[in-house]
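Copied over from Swiss-Prot:
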| type | residues | note |
| --- | --- | --- |
| REPEAT | 21-104 | repeat 'Solcar 1' |
| REPEAT | 136-217 | repeat 'Solcar 2' |
| REPEAT | 234-318 | repeat 'Solcar 3' |
| TRANSMEM | 27-52 | transmembrane segment |
| TRANSMEM | 79-105 | transmembrane segment |
| TRANSMEM | 139-164 | transmembrane segment |
| TRANSMEM | 192-215 | transmembrane segment |
| TRANSMEM | 238-264 | transmembrane segment |
| TRANSMEM | 293-311 | transmembrane segment |
Amino acid sequence: MSNSAVYAVPQVKKTSATTTSKTTFHFAAGLCSGLSSAILLQPADLLKTRVQQSQNAALLPTIKSIISSPNGIRGLWRGTLPSALRTGFGSALYFTSLNALRQGLAHTGVPVALSSASANGKGVASSSALPKLSNSANLATGAAARVAAGFVMMPVTVLKVRYESSYYAYGSLYSAGRDILRTEGVRGLFAGFGATAARDAPYAGLYVLFYEQLKRRFASLADSGTGDQSLKSSSSSINFVSGALAAGLATAITNPFDAVKTRLQLMPNKYGNMMRAVKLMVHEDGVRSLLGGLGLRITRKALSSALAWTVYEELILRAEKHWATRD
């Protein structure tokens, strides 16, 4: 067996039934990967929200305050339902859209797809289930897919942030949604979308760009190993490490947008819009306020992205092999 046989994605005969089933499976794989990462990493997400809501909020006192509350340790998982819905269905929409965009670009004839040689290096096949695109195409497809998914899931995101925050004493998600609609109208459910899009578009674009580049480099190193079995076992490792590193880099670059987004969603009447929020945050809390929650966000994003993408790619690769043998 050659090295390329380990990573190569089987060619599946294009039929309408196959296209439909593959789209459904991309959605299901994205949902599964998103749900698993959201539930496991909810404490980090909740702590990030609490730290970002005020520059004076330190991590350790925040943890002690939550644990000493009546709910105890369970308080760290407050907001898990909206977080799981947002991340689960958001990931499902994102991966489905990303696959559709990449498949579409790869078959348009536009020079955005890498050749087999340039994509894989010297005989190294890819551990990815997605088509190989150029750097600019990776950037564009990642950004477009994330913004589209973010817009659809925005109401759930606002509910999640409000419910996790200590600013509001919502007893349930229903009461949170009812209060937002009563006091702010439908617009309130989309508070902070501008900052979210400004964060998500570059983040997702940079993530896909870094992720694909890192995978090619790590695959080149794995190719110098000793045989096919070592390559098989390293496929998931390549995806996981690449995902964690790519998320860390993209998160560090885009964290100011995340800090602004959180303030806008918590106090839309005070901050108004993205530019006003930046000015007020810097004036009241200093430039450091734009880096609030960076450590927590890097930790959570690195783990969640690595987990989500590894689970997603492994499920898709297994499905591709199944479809190939069936056809």
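Count begins at 1; order follows the chain as displayed.
From the backbone N, Cα and C atoms, a Cβ is placed for every residue, glycine too.
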> Per DSSP, how many helix, strand and coil residues does the repeat 'Solcar 3' (234-318) have?
Replying inline: 79 helix, 0 strand, 6 coil
> To what whole number does the mean pLDDT across the repeat 'Solcar 2' (136-217) round?
Replying inline: 88
> Of the listed stretches 139-164, 192-215, 293-311, which one has the most C-beta pairs under 8 A with the transmembrane segment (79-105)?
Replying inline: 139-164
